[in-house]
Amino acid sequence: MSRKASENVEYTLRSLSSLMGERRRKQQEPDAASAAGERSLLAAAESSASLQSAGAGGGGVGDLERAARRQFQQDETPAFVYVVAVFSALGGFLFGYDTGVVSGAMLLLKRQLSLDALWQELLAAANNKETLLAGRLVVGLGIGIASMTVPVYIAEVSPPNLRGRLVTINTLFITGGQFFASVVDGAFSYLQKDGWRYMLGLAAIPAVIQFFGFLFLPESPRWLIQKGQTQKARRILSQMRGNQTIDEEYDSIKNNIEEEEKEVGSAGPVICRMLSYPPTRRALIVGCGLQMFQQLSGINTIMYYSATILQMSGVEDDRLAIWLASVTAFTNFIFTLVGVWLVEKVGRRKLTFGSLAGTTVALLVLALGFLLSAQVSPRITFKPVVPSGQNSTCTRYSYCNECMLDPDCGFCYKMNKSTVIDSSCVPVNKASTNEAAWGRCENETKFKTEDVFWAYNFCPTPYSWTALLGLILYLVFFAPGMGPMPWTVNSEIYPLWARSTGNACSSGINWIFNVLVSLTFLHTAEYLTYYGAFFLYAGFAGVGLLFIYGCLPETKGKKLEEIESLFDNRLCTCGASDSDEGRYIEYIRVKGSNYHLSDNDASDVE
């Protein structure tokens with residue numbers, strides 16, 4: 001069932017003030033820094049609300065797939081799961097390839113929200129599988145636009161001391177939307193036929209609210225300066241910073257843009273200029289690498305298939321699995337809030353590394369939990385007579401876990417107190433996975449009255465709690481760092497001329513690996529077993545740890561115009577810059593040029 005529904009924007013703006021630690025001030029007039037923070041906060045809050053809507057729409061496609069296929073019986077391939085990710089990648093690449101050419105961030109976001117509102121209503125009215133998938137396709141394009149544009153916009157309008165926290169709040173709203181949607185999933189899971197339609201219909205409400213909210217947001221001052229609209233840029237920057245003097249910031253942005261255009265040139269496609277210019281090439285590798293390892297660590301497998309994973313671990317009731325999935329979504333939301341608090345305290349590099357280290361451990365716990373369940377898998381003790389002309393492949397398996405790895409088979413059994421008895425592996429009914437194709441579990445209504453149980457996707461086990469523990473531990477570690485930091489870092493590390501293209505490429509990489517991991521999870525579990533799949537993800541996460549340790553620099557507290565120099569060195573030495581104070585770079589403007597001097601040399605320049 002689709003996860004959707006969002007809190008209104010007014011509540012979002014009020015709650016953000018408390019999240020950011022904005023205290024009520026006794027003075028009638030706030031100081032300059034406070035006023036700047038509040039104005040940036042409002043702009044960031046409204047743009048973050050866009051991705052709260054997108055997160056709710058995209059995060060619940062696994063539950064949508066489970067519900068909608070009851071009405072539109074479909075193939076083994078979980079198309080509802082990956083079609084959104086495919087076209088999110090396409091939306092990020094096509095519309096984000098060069099936002100500076102296509103349009104400003106605000107226009108793109110308005111397009112995205114109008115797409116969401118229109119097509120969510122089409123989804124709700126879908127009367128066949130093809131219409132439903134077409135609707136998810138267009139929503140995917142909208143999500144791709146938002147996922148690329150929103151972090152960039154927030155980073156460009158935020159002061160350096162709040163930038164990381166505000167971009168992280170963007171992810172907080174995504175996880176909040178996913179949690180709210182999972183609760184809606186659970187509530188509508190009792191409507192067997194059309195419950196999923198109500199979820200998709202509700203999806204249009206936050207999109208409409210946010211569309212009108214965006215009408216009142218200004219364009220990024222940096223983008224306006226790049227397009228020659230300097231007076232408008234100065235006016236908007238002054239409004240965002242309040243009483244704070246903007247001359248130094250405005251001149252820094254303007255001069256930096258002019259120097260970048262002279263140094264890099266304006267001929268040729270932006271992506272070619274990025275690849276030929278070493279600092280942006282290194283930044284692109286770091287940005288795309290972070291997004292790749294975020295997905296390879298299995299986050300969207302956890303979120304898309306959380307209810308399925310819980311059933312695989314032995315949770316028998318379908319609705320209970322959906323409600324337990326909302327527990328994982330709530331954990332994701334709460335611990336993303338921890339990331340909001342930590343990002344400006346410990347920095348991006350340490351937070352990302354610690355988060356991925358904990359995620360690796362949690363994946364190992366999850367894998368060991370499935371391994372333990374496999375070790376005590378019930379033995380098949382009853383061999384039914386195969387009807388003439390029926391498939392007999394399932395009856396050849398000896399244990400329940402072998403039976404469950406075959407998507408065409410299910411487990412039929414009886415219970416003697418806590419012991420499984422008279423168990424058999426038989427083909428699943430192609431029209432409904434809730435019953436067998438033949439045998440004792442053929443008729444769902446009949447076998448439930450005869451104390452016969454049917455299991456599809458799971459084996460009865462006393463260790464089902466280990467999967468829930470592993471899922472929660474995973475999100476406890478993943479949510480504060482690996483969830484928001486790839487988006488935060490990517491919004492910061494590119495110079496203005498390459499920022500939209502860099503974020504388009506990195507967000508496209510994110511969605512592409514989202515597709516690959518989501519599309520292959522069930523097949524990976526079939527060939528490597530469930531625990532083997534999570535051991536594989538743990539291995540990917542371990543490689544990601546080495547990448548972060550060697551290549552990710554610290555960007556905390558630096559102006560966007562300063563961050564480019566962090567990538568002047570070779571890629572795998574830049575990660576040490578956050579701890580080596582002796583190599584701290586000062587940015588000194590001499591006769592219109594930037595000279596990067598060490599602390600010892602700075603005194604020689606007048």
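Heads up, the Cβ atoms here are built off N, Cα and C, so glycines get one too.
Residues or ranges marked as region 'Disordered' in TrEMBL: 19-38. Here TrEMBL flags 32-556 as domain 'Major facilitator superfamily (MFS) profile'. Under the heading transmembrane segment, TrEMBL lists 79-97, 133-154, 166-184, 196-217, 283-305, 320-343, 355-374, 463-483, 504-522, 528-552.
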Contact between the transmembrane segment (463-483) and the transmembrane segment (196-217) (3 or more Cβ pairs under 8 Å, separation 6+): no
Sequence-remote partners of the transmembrane segment (355-374) [C-beta within less than 8 Å, at least six residues beyond its ends]: 293, 297-298, 312-314, 339, 401, 459, 461, 463-464, 466-467, 469-471, 473-474, 476-478, 480-483, 485, 529-535, 537-538, 541-542, 544-545, 548
Paired segments the transmembrane segment (283-305) and the transmembrane segment (196-217) in contact, 3+ CB pairs under 8 A: no
